[in-house]
Amino acid sequence: CSKPEGPGAARLGDPAAAEYRLSVCSKLCYAIGGAPNQVAGSAAAFFLQIYLLDIAHITPFHASLVLFVGRASGAVTDPVAGFFISKSRWTKIGRLMPWMLACTPFTVVSYFFMWYLPPFVAGRVAWYLTFYCLFQALTTLFQVPYSALTMFLSTDQKERDSATAYRMTMEVLGTLIGAALQGQIVASAHVSHHCTMNLSVNTTSHFISLHDVYMIAAGVIVGVYLLGIVIFFLGVKEKDDPYALTSDRAIPFCKGLRLTMKHGPYVKLTASFLLISTAVQLEQSNFVLFCTHAADLHNHFQYLVATILVSSAVSIPFWQKILQRFGKKCAACGISWMIPFAVMLVTIPDLILAYFVAFFSGLSIAASLLLPWSMLPDVVDNFRLQNPHRKGHETIFYSSYVFFTKMSTGIGLGISAAGLEFTGYKPGICKQSSDVILTLKILIGAVPAILIIVGLFILLFYPITEESRKETKLALEVLR
């Protein structure tokens, strides 16, 4: 699967080009490997908050505690994973692949029990906190080596950008599959009970039936998760560091982390996209609640979510062409497209407008997903050029980047749920107070808009241009 695409794949007299040219099959298998985490993560991002509030029946404060601590546990795992992975030795299946395979069975178990409603009430917060923390930590143990694997697929920047585009397309499709599976399975149960129950009647059977539906959805997603990992393992071959000499020493983790934090391009890229990713996460986690309680669109939220994700998936190739033709910084302007439409939706909650918002939000989300993972390899190359006799720094870059983005989104989700608690959100009731509705509108409209604008402003100072990328590529070819 990792063989070159026929005899014409390499330039004449350049065997290195053939060695590091990736076939379509290899790119697809690599991309499929990123989908399982997105399938599971998407279902949790869109539905875990409403599940904790309306099915598990825990308070908004405790829901915010679960979401924040879970995200924080995943964030803390990032540098820890980076530390141990950077010290890993090469095995028959690579240096990164064993980590991804080892954590998979534990990930699916923790995901399944994350949606289980325990028979006891007093310890439910501890139950969901435990399994959500485990899920976040284990997905991190997969995501850090998987992200760093980009650097070990090929040394050619175009090939890596192409593999990243394949990966982002498949990850958005994974997000679509997760949201669609979860949405279609649980939406009918939510809709059939929305504001139709006699509140004087015991609602225990209602919560049990909804819980059973969530468990079915969890089982389906676990099956999809395992299938994707099998395809990834069979179709991807990890290559050793092509720039490292046998005499090169692995960079110590703490020293590498200090150097990473002092690397200007990395600091600007991370600061920009941690704000943007927080904005996207706030949109995801509050969208279902907004449709249900603030816009009277509870009969349509699964279709609106599907519109967002289909728009994201089909626009990835468009953004790939844009960044190739006009540059990556120019393509980042597309992230701002969602701002005016989101503001319009919270002021005019109309069904037709909601679908327009969903479509343009999908375009912006696609750009926000593709660009950081396309730009991060350029930063790693830039660092490699300045530190030519060190190796093992790739996982430090990727783990610290994921750490900062997870911490920022965790803080954002915690503040979001705490805001709902403060304004008086009541789980399970049909009509929320005007303060809760206003809070949901702010979380969907104003807050993401401000975060995106500040993030794009920081990105203006990102120093790596298309010209400097070409210069770095030539210098690394000489080094290789």
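Along the chain as shown, the residues are counted starting at 1.
Heads up, the Cβ atoms here are built off N, Cα and C, so glycines get one too.
TrEMBL: automatically predicted annotations, no manual curation.
Keep in mind the model is a prediction, meaning the values are calculated, not measured.
Among the ranges 21-45, 396-420, the one that TrEMBL lists as transmembrane segment is 396-420. Given the ranges 62-83, 172-193, the record in TrEMBL names 172-193 as transmembrane segment.
Ranked by number of Cβ pairs under 8 Å to the transmembrane segment (440-464), the listed stretches 96-117, 129-152, 213-236, 331-348, 396-420 are led by 331-348. Of the candidate ranges 96-117, 129-152, 354-376, 354-376 has the most C-beta pairs within less than 8 angstroms of the transmembrane segment (302-319).
Between the transmembrane segment (265-282) and the transmembrane segment (96-117) there are fewer than 3 Cβ pairs closer than 8 Å, counting only pairs 6 or more residues apart in sequence, which means the two stretches are not in contact. Using a Cβ-Cβ cut-off under 8 Å and counting only residues 6 or more beyond its ends in the same chain, the transmembrane segment (96-117) has close neighbours at 33, 40, 44, 48, 51, 55-56, 81, 85, 88, 124, 127-128, 131-132, 134-135, 138-139, 141-142, 144-146, 148-149, 152, 207-208, 211, 214-215, 217-219, 221-222, 225-226, 229, 232-233, 236, 238, 395. Same-chain residues lying 6+ beyond the ends of the transmembrane segment (354-376) with a Cβ under 8 Å from its Cβ atoms: 147, 150, 161, 164-165, 167-168, 171-172, 269, 273, 276-277, 280, 283, 291, 295, 297, 300, 304-305, 307-313, 315-316, 318-320, 323, 328, 331-332, 334-338, 341-342, 344-345, 397-398, 401, 462, 464.
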